[in-house]
Structures are given as structure tokens and as C-alpha cells.
């Protein structure tokens, strides 16, 4: 048996001491006191930060929302069925963030930016905080470029600009989502990245929207963030912030983006559920006191950036659902006060066959004509006033037995104006076609036609202009001004098309 010499032993010990790497890792831990309804109460976690991500023993992630003297209230980003009372928990030292990249375009993801469309993982090298601060005053500039929705009623009377926040509000089943999806379809070829956030909707409704985008060729510039009705409240609450983080990524890269939140009523309900389960004091309609801040910090992230930051933009179109047309409820009034205008959709108009069912009288854009091209301002300037006067006159005329000729003419003109605003779903119009349509109506060219013939005539006129008078569209797209030459070309086309149309109708 060999003997070890004392100097060998000391050398081995010295080597071991030199190799010893003393690494102390401090982990902030806690113990689950109670779990249920998507909420966990944790004892310990003394150093935890508000909004910090918490990791449970079995892998579920949560967010620390309530920091109380003797426990921490954590909302779970998952069902948490495997979490047991007494199991250990650790703080991660991170706050919620998601990966971001160009590869997200054309994909359907959840609130954690994980793909749910079965097309594999999404590669990304960057990440972005879900809750980012909104651009400051110096970082912004005023809105001046139009974001064309393709809907005549909106682009002519309630114009939306790039960087604006325009609320779409109305009862259920009045076409709110249709207005939003048509806006996305109309961005084809406009170099605008679109993000559609579905919050608490039926999975079948989301699938239908995705199919509409695919058929219209819109998925190549669109990201869909979906948390359906069966998702945990925490994820429904986070989904809009995830969408905003993705849109911001493109905005700060000098791109134009548009984001639709469908809808914020359901996000507020999810937040209310979380807050009540966390035992936060309820306020009006049982919503927590900070529900205004919930939406304001989200919508303030929409902006038109200054030239120093590259003039990118993020246009927000939040949707809010009302009950029986009550816009004075808590969430509708909150979001109306945050946004730069609202498009009000009326159930009565929808049921009367006027679609999109936009109530022009109480819809407004606080950016106004700054978000219109000059040609549209020239043509559509007086149409909103005419329609408002017509609506008033129509209500009065119901009680009058004999009306004078001027009133009858005004009513006839109003009915035709209302008719030209009707549009089929997924059929957005180019701005040149809209200008031709409005000009035809406001200048009395439709007065000779029956109301039932208006739509057919306008479709024919737009086709005729494209084929026989292409110069009209060239002038408008190049100069953005309704010049005398353009007006002459349009007048000629209308006269020729009316003669042709009346001849066809007689035969």
C-alpha cells in the first residue's frame, strides 16, 4: 500500500482551494398559503417588486400584483391546477417581457407571444417589455397623415390620422369588428403593419377574422394576438399590452402601425375579476379604482413620433361594447375621454339595413380634416352637415302631412346621400373612388335615380372611371388635390354613365 507524503497532501489541498469558486446566489423564496380562482397568496417573498414574475415549483408563472404586510397576492398566467398549498415559490427578478421580430408577421400568437397557429416556433433575437412607458411630449408630433379605412362614411366625415386613437363603440352585433377588419384589409399596399388583438372572444369568431385576413391577403402584414373566452383572466388582461409592445417595436423602426383592441370592455371585466379576487376595494360598477389607468397607459402608447425618432406611428382603434346604447356607463365614458374621437355604431341603423351602421351625428374625430388629403376636404366638406340636417328634417317630416317642394328635394337628396354611404363587408374603397362617389351625391347627380338604383349606378361609375378615365385617378393619386381637370373628367364620366345607365334600365 503506497503512502502519501505530507507535501503531496498539502499540494492537493492548495489546488482544491485555488479551484474553489465561491458563488453565492441569493434567491427570494416564499410558500403558497392559498391557491384558487387564478390567484395565489404567498407567504415570504419579502424582496419582491410590484409586477415581478414569480415562478412556482411546478413551472407556472405568475405576476405579483398585491404587496401586503403579511402576504403577496399573485395572479397566475395559467390554470395552476398542479400548485399545492405549502409548495415553494421563487421570485425571478424580471418583469413581463416578450420576444419581438419581423418573423411575427402573418402569425397568430397568445398573450405570452407563443404561436398558437400550429406553424412552429417564431425566431427572434430581441425582447421588449410588455409594459413600456408611452412616448413623451417632445417625442411626438401632431397627426397629419391619413389612415384610410376604405369606408366612405369614416374617411369623409370622421377621418382617422396615423398616430390617432379612435374609439369604435356600439352594442353587440352592430358591426364593430367588421369596421376594424375592413380597415386592416384596406392597408394592403399602404406599408402599414397591423396588429389585431382579440380579447375574451369565442375561438370561432377569431378563426373567422383570421380567415377573412387570409382571403383578403392581409395576413402578410398582420399579427393576430388572441386570448379567447376560456383563457385565464390574467392573460386576457395582458393581451392588449402584448399587442402594443409588438406594434411599438415596428413604430420605433420608422414604420407605420395600426392596432385594434377587440374589445377593451372584456379586458376591463378580466381586470375586475382579478382585482375582486385579490380583495381590492371595488368602485363604480364593481371595477377597481385604477381601471382608468388600465386603459390610459395602454392607449397613450399610440403616437405619431417626431422626425428625430423617425416619424413612425401607432394608430389605436380600441373597441368598446355598450349595453342598450348606453354610452354613459363607466368603461365607455373612460375610453371616450382618453381617445381622440369615437365612431358610434347604432343598432337601430344596423337593423334598418344601413351598414356600416355609423351614426354620423354623434360620431366625431378630434383630429378632423388634418387627417384628410386636400381632395377629400374639397369634396366632403359639407356632407356631414347635410346629413345631420337631413336626419333632423326626416324626424320632423314624419309628423308633417304636406311638405313644400324644397323640403321634399332636401329629403330626397339626404336619402341618396345615406344610400351612397352603404358598403358591403370586406369591400373597402380606394380614396379616389370615395371622392368620385361623394361628389356624385353632393352635387345632385343621383337625384334623378330611384333610391334602389343608387348602389348599382355607383358601382358602374367606379368601373367606368377606372377603364375610360384613368387620368382622373392618376391626378388624385399624384397631386392629392381635386383639380379643375379632375372635376371636368369626373363630370364627363358621370354624365356619360347616367345616360348609359338610364338607357340600360329602360331596356
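A Cβ is built for glycine as well, from the same backbone N, Cα and C atoms used for every other residue.
Of all the Cβ atoms in the protein chains shown, 25 others lie within 10 Å of the Cβ of residue 176 (ATP binding site). Residues annotated as ATP binding site in Swiss-Prot, with sequence analysis given as evidence: 170, 171, 172, 173, 174, 175, 176, 177.
Here Swiss-Prot flags 363 as site 'Required for activity', drawing on sequence analysis. All protein chains considered, the CB of residue 363 (site 'Required for activity') has 22 other CB atoms within 10 Å.
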Query raised in the report: Taking the Cβ of residue 177 (ATP binding site) as the centre, how many other Cβ atoms fall within a 10 Å radius?
Result: 22
Query raised in the report: Does residue 171 (ATP binding site) have same-chain partners at least 6 apart in sequence with Cβ under 8 Å from its own Cβ, and which are they?
Result: 321, 322, 323, 324, 325, 345, 347
Requested in this report: Can you check which residues sit near residue 173 (ATP binding site), meaning Cβ under 8 Å from its Cβ, same chain, 6 or more apart in sequence, and list them in order?
Outcome: 347, 350
Query raised in the report: If one looks at the chain holding residue 175 (ATP binding site), which residues at least 6 apart in sequence have a CB under 8 angstroms from its CB?
Result: 345, 350, 355, 356, 357, 425
